[in-house]
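**Student:** Before anything else, here's the structure in question.
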Amino acid sequence: MELPGLAFALWMFICLYAPVDGYPSGKVREACTSMIPCHGSSPQPSPEHTITVNGTEFKPGDNIEVHLFGPDFEGFFIQARDAEHLDSPAVGSFVLVDRRLSQLLTCGRTKNSAVSHTSKAKKKYVKVYWIAPGDAPKRVQFLATVVKKYKTFWVKIPGPIVSQPNALSPTTPLHATSEAISASHPISYLSKPFNASGCGSMKFCIRNPSSCDPESASCFFLSFQQEKSSVFIEMSGPSEGYLAFALSHDQWMGGDDAYLCVNENHHVHVSTAHLKGRSPPVLDSENALEDVSWRLVDGVLQCSFRRSIRLPTYKGRFNLDSSYYIFLADGEASEGGRIYKHHRQPLITNGIYNVTGLPQDIGGSRSPRLIKAHGALMFVAWITTVSIGVIVARFFKPVWSHSFLFGKEMWFQVHRMLMLTTVLLTSISFVLPFIYRGGWSKQAGFHPYLGCTVMALTIFQPLMAGFRPSRHAPRRQLFNWFHWSTGTTARILAVVTMFLGMDLPALDLPDPWDTYTMIGFVAWHVGTDLLLEIHSYCLVRKVEVIEDDRVQILQSLTSAEAEGRLFKQIVLTIYVCGNAVFLIAFLAAINQI
């Protein structure tokens, strides 16, 4: 058999044998070129489904609505190709409207250049957006393969042809007009993502996570590069709504100079704004930005523009040769371009910087230092000191009853030291959010209310301990009950308060890692407590048969507990090490945000 015949036979074998159930998940990259599903049958001749678009002309950067509809179908595959060469690679990229019905695929070297189904669920209608690339051919045609049933499908259903009037050569700058920007300030479409070359040497950069690559889908990137009397600015990040940065004289929103890149119906609108307190930004009627460009691909929004270092004629614009705190925020936007409040704390630089001064490559934090300190101190107090102090008081009285420290029994001195440390740490931590906020926060839900309750109980405990009756006094039992119930209530409320605080915008620890880790700590503490309880119970019930089946309790509670000294010390050592692991994990997470 000749080689071409062998290749054809092999291809037929793969199509007829390997994909027995087709592509129910829509991962049909193997069909990128032919658009033919390997379902072991021939395509139908007369299509029943229709492709429509909302325009007949386009310019680079424009978005075209693409609709596919008809009788119930299970699968589909949509591409755009050069109308003059339909066997050529896919052209442009797509943006999804409904991720439940459709997904993006990469055919060849063009990312998101095709759209397919996500499941075999029947559907009648699919809508997506096609983004025209900078190097698009003059005429582009949309094609679709539709699968009605496994062996009933249509291949390369021809759709409308859209054309690019006065198509430019690849070396000619690409521009598209925008209603949002004045005609004197044209917009161009970015053909490739930003990069970090020159950060710290030629341009001032802010990156989160630190040193991340702006081409990454998880990197927030902001750069400033001075060019004579102007500054060229690049902003990038994972957002399908908006990205914004602001220059501020302090670490609070309000009275700031802001710049927004907003996804408005899959066309990015770049504008300046002024922030007044926590109100939505007030967009400027006049735009002082030049050389505006943008790109929206695979959920990553990028925009760049130029502005003069000084803009005396524009009210609210700060001079770029001064030092400021820099905010970087992202959030959702409606199809009409209306922006909504960001769900998480903006990235804020740790100090003030002059973006036209010495180039630097810095990071930032989404949590203010005072809030970080608040969280760290609370974790130390309620994961470490209070938990160990309770274990020592509950199970180590018999173990350390004959050991003394500064004239008192050792268990009591260790317990008292740990509990007083908890009071000190909690008190310091308690005032930090009030210093940061300058008062009461109305944005934190139940967290501050529960926190105040925990603080009150924490202060009440040592005050109550100061009036502790003597060991054999009639009221000692009543005191013990109140002391235990107050402490237990404080610990339970503290854990609930930490659960709520971990997801607040000012200290938004990684989710769901934070929840699972806190649940792990609670299980660790409860498990250790139960283990020691069972061990104590077994020691108390220990018996020995003496003489003729007479059962005699060999030891009192105190001596029985003392017999388990080695076991308890081992458990305590392991428990302290475990608490240290949980504490280090939380402190490391706080340090990373």
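Here, residue 1 is simply the first one shown, and the rest follow in order.
Cβ coordinates are placed from backbone N, Cα and C, and glycine is handled just like the others.
Sequence annotations record features per position, and here TrEMBL assigns domain 'Reelin' to 13-180. As annotated by TrEMBL, domain 'DOMON' applies to 216-331. Taken from TrEMBL, the feature domain 'Cytochrome b561' covers 336-535. Taken from TrEMBL, the feature signal peptide covers 1-22. Per TrEMBL, transmembrane segment is recorded for 376-396, 417-436, 448-467, 479-501, 570-590.
Quick one: how deep are these features, and who are their neighbours?
**Tutor:** Mean predicted confidence for the domain 'DOMON' (216-331): the pLDDT average there is 88.
Beyond its flanks by at least six residues, the transmembrane segment (376-396) meets 411-412, 414-415, 418-419, 421-422, 425-426, 428-429, 432, 487, 491, 494-495, 498, 501, 521, 525, 528-529, 532, 536, 561, 568, 572, 575-576, 579-580, 582-583, 586-587, 590 of its own chain at Cβ-Cβ distances under 8 Å.
Away from its own ends, the transmembrane segment (448-467) comes close to residues 419-420, 422-423, 426-427, 430, 433, 440-441, 479, 482-483, 486-487, 489-490, 493-494, 496-497, 500-501 of its chain (Cβ-Cβ under 8 Å, at least six residues beyond either end).
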**Student:** Which numbers of helix, strand and coil residues does DSSP report for the domain 'DOMON' (216-331)?
**Tutor:** 0 helix, 69 strand, 47 coil
**Student:** With a Cβ cut-off under 8 Å, give me the same-chain residues at least six positions beyond the ends of the transmembrane segment (479-501) that come close to it.
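**Tutor:** Residues 375, 378-379, 382, 386-387, 390, 444-447, 450-451, 453-454, 457-458, 460-461, 464-465, 467-469, 507, 515, 518, 522.
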